[in-house]
Amino acid sequence: MVAFGKKLKERSIQEWQGYYINYKLMKKKVNQYGRQLQGGNLERRQVLKDFSKMLDNQIEKVALFMLEQQGILASRLQRLRESHDALQEEPEISHIAYLKEGYRAVGQDLLKLLFFVEMNAIGVRKILKKFDKRFGYRFTNYYVKTRANHPYSELQQVYKHVGLGAVVGAVSRNLHELQNNQGSYLSIYDQPVLPLQDPVVDSIKAAVDRLTHSTNFLNFMAQHAFIMQQELPSPQDEEEAVEEDRRYHFMSLLLNLVNTFLYMVNTYIIVPTADDYSMSLGAAATVCGVVIGAMAVAQLFSSVYFSAWSNKSYFKPLIFSSIVLFIGNLLYALAFDFNSIAVLLFGRLFCGLGSARAVNRRYISDCVPLKIRMQASAGFVSASALGMACGPALAGLLQTRFKIYKLTFNQNTLPGWVMAVAWLMYLVWLAISFREPALEPEESHSTSKDSNNSGMSKRISDIRYSKPRDRIRIIKLWITQVQLLIYFMLKYAMEILLSESSVITTYYFGWSTSSVAIFLACLGLTVLPVNIVIGSYISNMFEDRQILLVSEIMVCVGILFSFNVLVPYTVPQYVCSGLIMFVSAEVLEGVNLSLLSRVMSSRLSRGTYNGGLLSTEAGTIARVIADVTITVAGYFGRDMLLNVTLLPSLVTCVVSIVATCFTYNSLY
C-alpha cells in the first residue's frame, strides 16, 4: 500500500500545495517524540501539548484557506446572481448559455475545493491514528471531543465542511433553474428527488457523498452485519477499481440477500408451533428448546466449513446449502407422519448444516465494490430483520389441516412443506442466475506473505519502541473479550425470549398459535424503525460507549420486569418487558458490533476465520446454550420455567454491565 504522505504529494493541487496539512512533518514529529520518550528526554504531558499545538496550527491553515476560497466562490456566485436577476427582465438564449457556463465553472472550482477538504480530512484522521498507535494514548478521543464541539472550532470546517453546503446548494439550484427556464416555477427544494441532468452537479454530489462517506443510518445498520469496512474511502488505482467492478454482479448479490432472508424465515417460522409439534410426537412441550436449538448447534460447524469453502467458490456452497435446507425441511414436515421426534431433530440439524450466512457475509465483503458495500451490508441486516418478522407471521397464516394421500398438512408440518418449496424454487433461480466471481489470483496471497516477511526487519528495528504497542494490543484484546461477552449476553437473552414465547404465553395466557405469531412478528418489525432512530439521531447525540451502557441497563430492566414474582402474571407485563428487552438488545447489537469492528484486528477482515465468523460463532453458542436451558428448565415444571430461564440472563447481563463499566472507566 502506498504511504499516505506520498499519495498526498502526488494528488494535491499544485497551486494550493502550501495550504495542505504538512503530513510528512507531523509524521516525523511523531517518530521524534517516540525516540525522546524512549530515552527519557521528554515528558508525556509535553508531548501532548506540543502535538496538540502543531495539529491546531495545521488545521487552522487549512480552515482559513477554505474560508478564503469559499469567499471567492461566493463573490463569483453573487455576480452571477446579479446577471441572473437581470435575465428575468430581458430573457436571452445566449445570456442563459453564458450563465450556465459561469455556474459550471464555479462548480468545477468547487470540486477542487471539496477534494482539497477530503484529502486534509483523511490526513488528520491518519496522523491521529498513527499517534495513538505509537504511544498507546487515547489522544484522538480527547482531541476531537475538545475541538469539534467548541464554538470557535476550526476542526468543524474540515470535518463538517461548514459553509460549503451553501455553495453546493447555490450552484445546484441555479443550474436547475436555468435548465427549466421554460415556464417551470419549481425549484430543487420543491422537487428534491428529481435529477438535475448536469454532469457538474452529479460530480459535486458524488464528491459530497464521498466526503461524508455515508449516512449514519447505513453505518449503524452495517455494523449489525459485521462486514468489515475500510476505515477510509481511500482512492484506489484504476486497475483495482475495474477489477472490483468486474467481479460485482447485482443478481448474485440479490441471491445472497434472498438466501439470508429465507434462512431467517426458516429459523423463526417454527417458533410458534414447536411446542405443539413436540407434544404431538409424545415429547414434553419444553423439548421445543432442543428442536429450535438443533439448528443453531449444526450452524456452529456449518459456519466454519462454509467460510473455508468460500475461499474457492461462492456458487457451490450456495447450491449445497439450498439442497441441504430442502432436505432438512422435508424431514421436518415428514416427522409427523413418521411419528418420530428423532426425524424432527434430524430435519432441524440438516437446516442448520445448510446455514450459508458466512458465505453471504463473505460475498458482500469480497465481491461488492467499496462504494456500495455499506448499502449492501445494510441490505443484509434488513433482509435478516424482515425474515425474523415474516417467519412467525407466516406460521400464523398456516392454520389449516388436510391430507394428500398419506401426507399430513397442518399447522405443525406446513412450515416444513412451505420452506421446502421455497428452497427448491430458490435453488432453480440460483442455478439460472448466479454468476461465480473471478477468484483473486494466488499471487496476491503469496505477495502479502512476502510483504509480511519483508516487514519483519522493520518490526525488529521497532522492538525498542514496542511497549506502548504491546499495551494497545492487550487493551484491544481485553475490549474484544468484553464486547464478545456482551454479544453472547444479548443473543442469549433474545433467544430465551423468542424460543420459550409459545410455551410461556400458552401456560399463562392461553394464547393461540396465531396470537404468538403476531407477537413475534411485531417484535421483528421493530428492528428497522429502531435502527433508523438510533442511526440517524441518537448516535449523533451520544457516544457509542454511552449508548452501549444504557442499552445494557435497559436489557437488564426488561429481564427484571419479566420475572413472575408475587403478583399474578399479566399480558401487559409480559409484552412490555419483552418489548423493552428485545428493542434494547437490538440497539445493543449494533453499537456492540460497531465497537468490536474498531478494536478487532484488521487481519480478521478477510479469510476463513474472519471477524464475521467469530461473531457468528459467539452468537450461535449463546443460542444453543439458551435453547438447552429451556429444555433443562422444563424438568422443574412449567410454573418455574420463566424464572429459571431468566436467571442466567440476568446474571450474564449484570456481569457484562460490570465489565463494561470497568473497561471504559479505566480507558476514559
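Each residue, glycine too, has its Cβ placed from N, Cα and C.
Caution: TrEMBL annotation is automatic and unverified by curators.
What TrEMBL says about this protein:
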- 2-145: domain 'SPX' (DOMAIN)
- 253-271: transmembrane segment (TRANSMEM)
- 283-306: transmembrane segment (TRANSMEM)
- 318-335: transmembrane segment (TRANSMEM)
- 341-359: transmembrane segment (TRANSMEM)
- 380-402: transmembrane segment (TRANSMEM)
- 414-432: transmembrane segment (TRANSMEM)
- 474-494: transmembrane segment (TRANSMEM)
- 514-535: transmembrane segment (TRANSMEM)
- 547-567: transmembrane segment (TRANSMEM)
- 579-596: transmembrane segment (TRANSMEM)
- 646-667: transmembrane segment (TRANSMEM)
| request: Report, as numbers and ranges, every residue of the chain located at least six residues beyond the transmembrane segment (414-432) whose Cβ falls under 8 Å of a Cβ in that stretch; write 'none' if there are none. | output: 255, 258-259, 262, 265-266, 269-270, 273, 315, 318-319, 322-323, 325-326, 329-334, 347, 394-395, 398, 400
| In the same chain, which residue numbers or ranges, 6 or more beyond the ends of the transmembrane segment (253-271), come under 8 angstroms Cβ to Cβ? | 277, 291-292, 295, 318, 321-322, 325, 329, 332, 348, 351, 354-357, 359-360, 363-364, 367-368, 376, 379-380, 383-384, 386-388, 390-392, 394-395, 415-416, 418-419, 422-423, 426, 429-430, 433-434, 498-499, 501-502, 516, 520, 524
| field | Intrachain residues whose Cβ lies under 8 Å of the transmembrane segment (514-535), provided they are six or more past its termini | value | 215-221, 224, 268, 271-272, 381-382, 385-386, 388-397, 399, 498, 501-502, 505-506, 547, 575, 578-579, 582-583, 586-587, 590-591
| remark: Secondary structure of the domain 'SPX' (2-145) by DSSP, residue by residue, totals 126 helix, 0 strand, 18 coil
| task | Would you kindly list the residues that approach the transmembrane segment (646-667) from elsewhere in its chain, counting only those six or more residues past its ends and only Cβ-Cβ distances under 8 Å? | result | 138, 475, 478-479, 482, 485-486, 488-489, 492-493, 496, 545, 548-549, 552-553, 555-556, 559-560, 562-563, 629
| note | Same-chain residues at least 6 beyond the ends of the transmembrane segment (547-567) with CB under 8 Å of its CB atoms are 486, 489-490, 493, 497, 508, 534, 538-539, 573-574, 576-582, 584-585, 587-588, 591-592, 595, 642-643, 646, 649-650, 653-654, 656-657, 660-661, 664
| query | Which residues, given as numbers and ranges, are at least 6 beyond the ends of the transmembrane segment (380-402) yet have a Cβ under 8 Å from it? | reply | 221-222, 224-225, 227, 256-258, 260-273, 360-361, 364, 408-411, 414-415, 418, 513-514, 516-525, 527-528, 531
| Same-chain residue ranges lying at least 6 outside the transmembrane segment (318-335) that approach it to Cβ under 8 Å | 255-256, 259, 262-263, 266, 270, 277, 281, 306, 341, 343-344, 346-356, 359, 407, 413-417, 419-420, 423-424, 426-427, 430-431, 434
| Can you name the far-off residues of the same chain, 6+ from the ends of the transmembrane segment (283-306), with a Cβ under 8 Å from a Cβ of it? | 267, 270-271, 274-277, 317, 321, 341, 344-345, 348-359, 499-500, 502-503, 506, 608, 613, 616-617, 620-621, 623-624, 626-631, 633-635, 638, 641
| remark: Counting only residues at least 6 beyond its ends, the same-chain positions whose CB falls under 8 A of a CB in the transmembrane segment (474-494) are 136, 548, 552, 555, 559, 581-582, 585, 588-589, 592-593, 595-596, 599-601, 614-615, 618-619, 621-623, 625-626, 648-649, 652-653, 655-656, 659-660, 663, 667
